[in-house]
Amino acid sequence: MGRRQAAASSWPLLVLLCCIAAGRVLVAGGSFSFEDTFELSCADDHFKTSPDVQTWHLYLDKDAGCGFQTKHRYRFGWFGMKMKLVGGDSAGVVTAFYMCSDKGAAPDRDEVDIEFLGNRSGQPYIIQTNVYKGGVGNREMRHSLWFDPTADFHTYSFLWNTHHLVFFVDKVAIRVFKNGEGGETYFPSDKPMYLFSSIWNADDWATRGGLEKTDWTQSPFISSYKDFAADACQWEDPFPSCVATTTEHWWDQYPAWSLSAAQAQDAAWVRRNLVVYDYCTDLQRFPSMPPECSLRDEQ
Ligand SMILES: *[C@@H]1O[C@H](CO)[C@@H](O)[C@H](O)[C@H]1NC(C)=O
């Protein structure tokens with residue numbers, strides 16, 4: 001569905017460091033301060049922080065969007081971000097939180113996406129999720145949300161281990177993508193991934209299939225972030241770091257291999273009430289169902 005990385009420029013990180021340092025406080029939010037954890041991929045005038053540096057804002061206008069990405073890669077873990085999305089008329093605007101094995105668009109990349117598709121004023125956002133393995137995606141699901149994601153911060157997170165990938169909205173698992181047992185599987189597990197977030201213009205497809213265009217008179221469009229957290233295995237060469245599971249890693253222990261009974265109940269409620277699109281039921285696109293669709297729990 002097109003790349004969502006903002007145009008990179010070679011000097012923004014320096015500018016960012018200078019400006020945060022020259023600003024006020026250099027406080028780490030938990031153990032993940034912006035400057036220690038991320039690299040910025042836009043000019044510094046499209047990125048702002050709150051005075052205490054705990055909240056980060058990305059700006060999109062007609063000239064450019066903005067994004068940031070972790071300095072390190074991770075293989076398996078739990079990754080969460082609190083986000084507040086562009087309010088008002090956000091048609092055409094996409095805010096993304098995603099993992100990808102590559103900083104560009106390498107043709108063989110693995111990628112796991114959460115994308116928020118903006119809408120005309122007062123109309124509901126849609127959250128789109130997708131999974132790529134070896135550069136092949138086409139695993140979209142779309143859900144509506146049970147709250148207004150522009151009114152307040154909510155936590156969006158990924159749980160990733162060898163058994164499944166779970167997309168959470170606050171504590172609710174909105175999607176579970178399972179790894180099959182051997183054989184033909186479509187599950188990204190080999191490549192360590194960076195975490196990214198970005199805001200970009202996607203009015204060629206995002207809102208009502210591209211019918212609704214971005215209203216630039218409303219710009220800049222601003223998405224806000226705080227409290228990034230990762231309980232994960234940070235990748236270090238050489239391979240095979242992050243392969244053996246150890247008992248310290250809750251995200252790779254037995255209880256994290258499947259949903260709890262309470263989580264499964266919430267997930268079933270989501271399936272019944274909030275699914276807007278599911279590639280596994282799109283027979284026009286997939287006359288024969290992709291293999292992982294059969295791994296799902298009974299509906
Ligand atoms: C925007 O709102 C319209 C009307 O409620 C809805 O059909 C559509 O799915 C919404 N979201 C997107 C991303 O188009």
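Each Cβ is built from the backbone N, Cα and C atoms, and glycine gets one as well.
Taken from TrEMBL, the feature active site, nucleophile applies to E111. Residues within less than 8 Å, Cβ to Cβ, of E111 (active site, nucleophile) and separated from it by at least 6 positions along the same chain comprise Y98, M99, C100, S101, N130, V131, Y132, G137, P188, M193.
Around the Cβ of E115 (active site, proton donor), a 10 Å sphere holds 22 further Cβ atoms from the protein chains shown. Under DSSP, E115 (active site, proton donor) is assigned to a strand (E or B) in the three-state scheme. TrEMBL lists E115 with the feature active site, proton donor.
Among the features that TrEMBL reports, domain 'GH16' is placed at 9-225.
As annotated by TrEMBL, N-linked glycosylation site applies to N119. Less than 8 angstroms from the CB of N119 (N-linked glycosylation site) sit S90, A91, Y125, I126, T207, E212, each of them six or more residues away in the same chain.
Residues or ranges marked as signal peptide in TrEMBL: 1-29.
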